[in-house]
Amino acid sequence: MGRRYFGTDGIRGTVGEAPITPDFVLRLGYAAGKVLAGTADVAAGARPTVLIGKDTRVSGYMLEAALEAGFSAAGVDVMLAGPMPTPGVAYLTRALRLSAGVVISASHNPYQDNGIKFFSADGNKLPDETEAAIEAWLDKPLECASSDRLGKARRLEDAAGRYIEFCKSTFPAAYDLRGLKLVIDCAHGAAYQIAPHVFHELGADVIPIGVAPNGFNINDGVGATAPDALVRAVRANHADLGIALDGDADRLQVVDSTGRLYNGDELLYVLVKDRIATAGKVDGAVGTLMTNLAVEVALQREGVPFVRAAVGDRYVLEQLRERGWQLGAEGSGHILSLDRHSTGDGIVSALLVLAALKRSDRTLAQMLDGVTLFPQKLINVRMKPGADWKGSASIRAAIDAAEGALAGSGRVLIRASGTEPVLRVMVEAQQAADATRHAEAIADAVRIATS
């Protein structure tokens, strides 16, 4: 039986619509608390404690209170971190030896949305079986713990300071950021009180933007999903580099002094090159089905095995763990470095990139010399719900024709949307005209076969 509420990154939706309602979130806290209360540590007499962090959406107050009430009713103590990046909650949960961590955030989505995601005691996302157990408890009646067993709540006053020190600890002690002017865009999100301090305390001249949240402006024209604001600020301030985080600070985009934007694919290559220079070799790297072919080719030139996971940082993480590798990324800016953190961390990833530039005494453009991203053409084709596009001979013929013409110098990727009756047709080629021509030919075949 499939999961009803948990997606690939927790539970997410529009606030006020199921399941992101205060009554459901209270029951979710209770259900998660009952699952935690059944662990071996609790059975041995320890009282479970969870950490709750959130981003800056106005709905965070309501959902935080609902979660807190649910955990308390289940006999679970709560620590409240306040605004805290998702990776900060993961780190603090592990560092404080807590039973679990909870993040109230919808990441890069607008303020009208929100979500709940959980971390296990070791700072990793919950395994499927634990999420299934929580969903099973949601069907049971809420039976409040007796008064002497109710959970207590308190604020973790030094949460931000602890996480700032952790982030700084991932930057090599032999270097600092003195002499660098950095624009830091916090998306009016969870990192607005944290990220500027990290880079400033390492010596950088920091120009912060996106640091005035009002509950309604998270990701609104700023942050990693709207990098134009960062480009403008870098140019206007003659900065050396710009770093944009998203609402919960688990992803980033980077802009150099010329205004050139670097995505997660390119930053992955930079980090691999840095590891080769410092460690001698890299066992392998993981991207996704959408990772630009030019990066795969460049990694092959360096002798680094490359594996493509399904789209989503959860799947990149699965592949890294399965192979015992350290480095992975999505083009959207989720970067994983498992020897630094258990989850994607925009601030830590930025520090890794800055360390690579310091060690090499080169710019990003210089480190990526010879790596030119292949043009990609993406066409979304609407089709009838339930249309059998996989069984269409004409679509298969169009794909085969494109792949034959590209002959190893490009890629064709066809995948269905998970939320609407749309087929996404992506073609990547060395020449933009070739990518467009083949994508349009396949899209035409899809329209004819599925309309």
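Each Cβ is built from the backbone N, Cα and C atoms, and glycine gets one as well.
Under the heading active site, phosphoserine intermediate, Swiss-Prot lists SER107. As annotated by Swiss-Prot, Mg(2+) binding site applies to SER107, ASP246, ASP248, ASP250, with the evidence given as sequence analysis. The phosphoserine feature in Swiss-Prot is assigned to SER107.
Recorded features from Swiss-Prot, shown on the structure.
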residue	record	Cβ neighbours (10 Å)
SER107	active site, phosphoserine intermediate	28
ASP246	Mg(2+) binding site	33
ASP248	Mg(2+) binding site	33
ASP250	Mg(2+) binding site	31
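The two recorded residues, ASP248 (Mg(2+) binding site) and the residue listed as 'active site, phosphoserine intermediate', show a Cα separation of 5 Å. Excluding SER107, ASP246, ASP248, ASP250, which define the Mg(2+) site, the same chain contributes ASP55, PRO85, THR86, SER105, HIS108, GLY189, ALA190, ALA224, LEU245, GLY247, ALA249, ARG251, GLY346 within 8 Å (Cβ to the Cβ centroid), listed in sequence order.
A gap of 7 Å separates the Cα atoms of SER107 (active site, phosphoserine intermediate) and ASP246 (Mg(2+) binding site). ASP250 (Mg(2+) binding site) falls within neither a helix nor a strand when secondary structure is assigned with DSSP, and so counts as coil.
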